[in-house]
Amino acid sequence: MTAHKIPLALASAALTAGMSLATLAEPMPSTVATLVELGYPAPQEGELVHIPPTMADLEKADLHPETKEVIRRGYDLFTNTQQLRGENVFNEMNCSSCHLGEGRQPFSAPIWPAAVTLPSYRGKNDHVNNLEERIAGCFAYSMNGVPPEYGSDDMLALSAYHQWLAKGAPMYPDQPIYGRGFPAPERPEKLSYQRGEELYQAQCAICHSEDGSGLYQDGEYVFPAPWGDGSNNWGAGIVRTETAAGFIKNNMPLGQPLSLSDQQAWDIAYYMTRQERPQDPRYTGDVEETLEKFGPTFHKNSSYGQVREHDSHVLGDHANWGEKGDEVTPWNVGQSRFEDLKEK
Amino acid sequence: MMTSKYIAGGLGLLLGLGLVDGKAEAQNGDVERGETAAGTCVACHQADGSGMNVPGGESWPRLAGLDAGYIAKQLHDFKADRRHNASMQPFANMLDDQQIADVAAYYSEMPVTAAQGGGDADEALLARGEQLALRGDWDEYIVSCKSCHGPRNEGAGDTFPGIASQHAGYIKSQLHAWQAGERDNDPQNLMGAIAKRMGDDDIRAVSAWLANQSVAPEQGESQ
């Protein structure tokens with residue numbers, strides 16, 4: 001909307017939302033120019049740059065009114081996932097707590113790539129996942145909850161919103177995707193829990209609170225909890241220090257991306273991921289055994305099962321499931337697929 | 001002040017920080033004493049704390065229903081010239097720490113009043129204002145107001161003031177002040193960074209939309 005003073009001759013030309021470009025033969029879209037101006041890397045030659053359509057674009061789109069209704073429902077669930085609290089969500093997070101900009105934002109794990117790269121193999125559960133199963137994973141781990149059933153209205157609506165954001169992007173793209181995931185800066189030689197704590201208290205606590213509980217005010221979500229019972233459990237992607245560092249570096253403090261140094265982002269991530277949170281739903285009853293089973297595919301990048309330096313606490317060594325208690329278990333965890341293929 | 005180093009709980013560190021920006025002092029205000037101390041405030045901020053939208057001039061913000069901690073911090077900041085305003089500074093200077101706490105408590109207890117200045121905005125401007133307030137414009141890296149000011153922009157904690165039902169003229173002047181670097185007493189430049197990405201139309205839009213919002217009276221005590 002605002003006219004930007006961008007020192008790029010390319011910037012003025014616009015790419016229609018919902019379109020993709022595979023090479024930089026075409027001009028840089030203005031939204032990407034905004035990112036570059038903020039210090040994000042420019043797209044590399046050969047990267048897939050896709051500008052997801054907005055909800056305003058949906059109004060103008062040539063889709064059946066009911067299709068639009070369902071996409072809107074998906075958007076609403078994505079940005080206010082707390083409406084499923086106690087049913088599918090058992091912490092104080094929304095999908096958009098981590099996937100900023102309503103799931104559209106590059107370098108903030110935009111969600112449209114899931115719609116064009118799945119079904120495909122995921123190491124985390126060692127089989128081929130489709131979009132619904134991928135979303136179900138977020139519910140089991142990041143929302144510390146239970147996914148809506150495959151094919152249910154809520155699952156369909158969330159899938160539809162993902163696919164809407166992917167509109168115009170090529171299916172199974174060969175090119176690497178610009179701004180995918182939470183790309184982490186290079187890991188510094190040494191990480192410091194103490195520096196991380198000082199930085200967290202000085203730069204993060206004003207919103208996320210000094211004890212990591214975020215802010216839930218008058219029964220409503222305001223700021224997400226980076227740890228504790230209101231946060232994601234030990235199986236969520238962001239418990240991996242590298243992923244947390246990538247999230248922080250690219251997105252925090254809110255509105256000031258890339259303002260922390262690489263060392264600062266990693267130190268805060270290290271501190272944050274060495275706090276307690278609800279148990280991993282893959283927990284076998286023994287932290288060592290769980291680590292042995294899921295270390296190679298996941299926990300090798302987290303602090304799970306490690307001894308915290310200053311108080312000798314073994315991280316994840318507890319049976320605290322958070323708000324969902326031990327009665328509620330996510331049905332999707334440990335579900336095998338394509339056993340017949342493996343036998344051959 | 002900042003001699004406290006590594007403390008397991010981190011609370012000591014926090015306290016140290018709080019004192020630096022004058023926040024930890026906003027406690028134990030007395031509403032009745034506040035009413036007396038607020039005698040000089042009513043000329044502009046009115047007896048009901050509603051302030052006034054002054055088109056073409058300096059609008060006086062609504063104080064009614066704002067968080068006590070937020071009001072106290074602003075008064076301390078005026079006194080210490082961390083927030084710069086020629087009209088406010090002499091009045092803030094007349095208040096001691098206790099009076100600041102009392103005045104803050106007094107206004108925080110008042111019901112939120114209606115705001116002016118958003119009445120003549122057209123539909124398109126209000127739609128843009130609503131977008132910025134509730135969803136932001138991430139293509140310009142403008143995050144939504146509500147992501148810090150709370151779900152209905154009625155404020156979050158003692159740091160992020162309620163801006164729904166605040167006078168358009170006041171919001172507009174503050175955003176411009178942040179843009180120009182004339183206001184910078186927000187923690188960590190959280191507001192300044194966003195304001196600097198907003199165009200004049202964005203500021204007009206969001207000011208008008210917020211002024212048009214009404215805040216439902218609270219059930220019982222806000223504390």
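Cβ atoms here come from the backbone N, Cα and C positions, even for glycine.
Fair warning: this is a prediction, and the values are worked out from it, not measured in the lab.
These come from TrEMBL:
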type	residues	note
DOMAIN	B:29-111	domain 'Cytochrome c'
BINDING	B:CYS41, B:CYS44, B:HIS45, B:MET88	heme c 1 binding site
DOMAIN	B:124-214	domain 'Cytochrome c'
BINDING	B:CYS145, B:CYS148, B:HIS149, B:MET191	heme c 2 binding site
Review point. In the same chain, outside B:CYS41, B:CYS44, B:HIS45, B:MET88, whose C-beta lies within 8 angstroms of the Cβ mean position for the heme c 1 site?
Key: B:THR40, B:VAL42, B:ALA43, B:GLY51, B:TRP60, B:LEU63, B:SER87, B:PHE91
Review point. So what's the average pLDDT for the domain 'Cytochrome c' (B:29-111)?
Key: 96
Point to revise | Those binding-site residues listed as B:CYS44, B:CYS148, B:MET191, and which of them has the most Cβ atoms within 10 Å of its own Cβ | key: B:CYS148
Practice item. Go through B:CYS41, B:MET88, B:CYS145, our binding-site residues, and report the one whose Cβ sees the most other Cβ atoms within 10 Å. Key: B:CYS145
Check your understanding: Suppose we call a site close when its Cβ is under 8 Å from a Cβ of chain A; which of the binding-site residues B:CYS44, B:MET88, B:CYS145 are close?
Key -> none
Exercise for review: Provide, as an integer number of angstrom, the distance between the C-alpha atoms of B:CYS145 (heme c 2 binding site) and B:HIS45 (heme c 1 binding site).
Suggested key: 24
Practice item. Identify all same-chain residues not among B:CYS145, B:CYS148, B:HIS149, B:MET191 whose C-beta atom falls within 8 angstroms of the centroid of the heme c 2 site's C-beta atoms; report them in sequence order. Key: B:LYS146, B:SER147, B:ASN153, B:PHE160, B:ILE163, B:LEU190, B:ILE194
Revision key, fill the gap. Rounded Cα distance in angstrom between B:HIS45 (heme c 1 binding site) and B:HIS149 (heme c 2 binding site) is 22
Exercise for review: Measure between the Cα atoms of every pair in B:CYS41, B:CYS44, B:HIS45, B:MET88, the residues the record assigns to heme c 1, and report the largest value in Å, rounded to a whole number.
Suggested key: 11
Point to revise | Most distant Cα pair in Å, residues B:CYS145, B:CYS148, B:HIS149, B:MET191 binding heme c 2 | key: 11
**Study point:** Residues satisfying Cβ distance under 8 Å from B:HIS149 (heme c 2 binding site), sequence separation of at least 6
**Key:** B:GLY155, B:ALA156, B:PHE160, B:PRO161, B:GLY162, B:ILE163, B:ALA164
Review point. How many Å separate the Cα atoms of B:CYS148 (heme c 2 binding site) and B:CYS44 (heme c 1 binding site)?
Key: 28
Practice item. Taking only the Cα atoms, work out how far B:CYS44 (heme c 1 binding site) lies from B:MET191 (heme c 2 binding site), in Å, as a whole number. Key: 25
